[in-house]
Amino acid sequence: MIKDNIKLKLTIIGDWNVGKSSLLYRFFNDVFYEQTKLSMGEHFFYKTVLIRGESIDLQITDTSGMEKFRSLNNSFYSNLDGILIVYDISDQETFENTKLWLNEANKLAPKDCIKIIVASKFDLENKVVDSNIVKSYADNLNLKFFETSSKNSINVEETFITLVEDILLKKNYQFNNITKNKNNQDEDFNKKKGCSIN
C-alpha cells in the first residue's frame with residue numbers, strides 16, 4: 001500500500017515589510033526579490049520536503065499585506081501546525097511587536113502549534129535589535145530563535161526545517177510506520193489554490 005505523505009500547515013506572521021514574503025521565496029524558489037508584488041489577501045505556497053526519509057507536504061500561508069491592517073482572524077489561524085514570527089533586525093519596533101503577534105497566535109492558533117522567532121535581514125549593517133536580548137526573550141518562552149538573511153540565503157532553510165522537525169516531534173510521529181496523516185488534512189490541502197512548488 002502506498003503511504004500518504006505527512007501534511008503540515010504553516011504560516012509566517014509579523015509586521016508589514018519585515019521580509020516575510022522574501023523568506024518564503026528564498027525557501028521555495030531559492031531566489032531573492034527586494035520587493036515582492038503579491039496581491040492583497042492570503043497566498044498559499046506548497047512544497048514537499050524530505051526529512052529522515054519521509055516526504056512532508058507543506059502548505060504555507062503568506063499574509064501578503066493583510067497584517068498591515070491587522071486583518072488576520074480566527075480562520076487564518078485555524079488548523080495551523082507551526083508559525084514563524086518575523087521581525088526586521090534593523091527596526092526595533094518590529095521586534096517589540098512580535099510580543100503582540102505571539103499573544104495573538106497563542107489566543108487563536110491551536111494549543112499544540114509550534115512557534116519560532118525569526119530575525120530577518122541579518123545581512124544589513126545597521127542592526128539595531130540586540131540579538132542577546134531576543135535570545136533571552138525566546139529562551140524564557142521556550143521558543144527557538146533564528147537570525148536569517150533572504151538576500152544571502154542565511155539560515156532560511158534551516159529555520160523552516162527546524163520548525164517542521166519540531167512539529168513532528170511534538171506530534172510524536174513515528175517515521176518508520178506512518179500510514180496516515182492527521183484527519184481531514186488531505187481534504188483541506190486539495191481545496192486550496194495557490195503557488196505550487198515541488
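Cβ atoms here come from the backbone N, Cα and C positions, even for glycine.
Quick look at what Swiss-Prot annotates:
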- 14-21, 62-66, 120-123: GTP binding site (BINDING)
- CYS195: S-geranylgeranyl cysteine (LIPID)
- CYS195: cysteine methyl ester (MOD_RES)
- 36-44: motif 'Effector region' (MOTIF)
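On its own chain, PHE122 (GTP binding site) has ILE89, GLU147, THR148, SER149, ASN152, ILE154, ASN155 as residues at least 6 apart in sequence with a Cβ closer than 8 Å to its own Cβ. Long-range Cβ neighbours of LYS20 (GTP binding site) (same chain, at least 6 residues apart, Cβ-Cβ under 8 Å): ILE12, ILE13, GLY14, ASP62, THR63, LEU84, VAL86, SER120. The DSSP secondary structure for THR63 (GTP binding site) is coil.
By the criterion of other Cβ atoms within 10 Å of the residue's own Cβ, the least surrounded of the binding-site residues ASN17, THR63 is ASN17. DSSP assigns LYS20 (GTP binding site) to a helical segment in the three-state reduction. Averaged across the motif 'Effector region' (36-44), pLDDT for the predicted model comes to 60. The Cβ of GLY14 (GTP binding site) has 26 other Cβ atoms within 10 Å, all protein chains considered.
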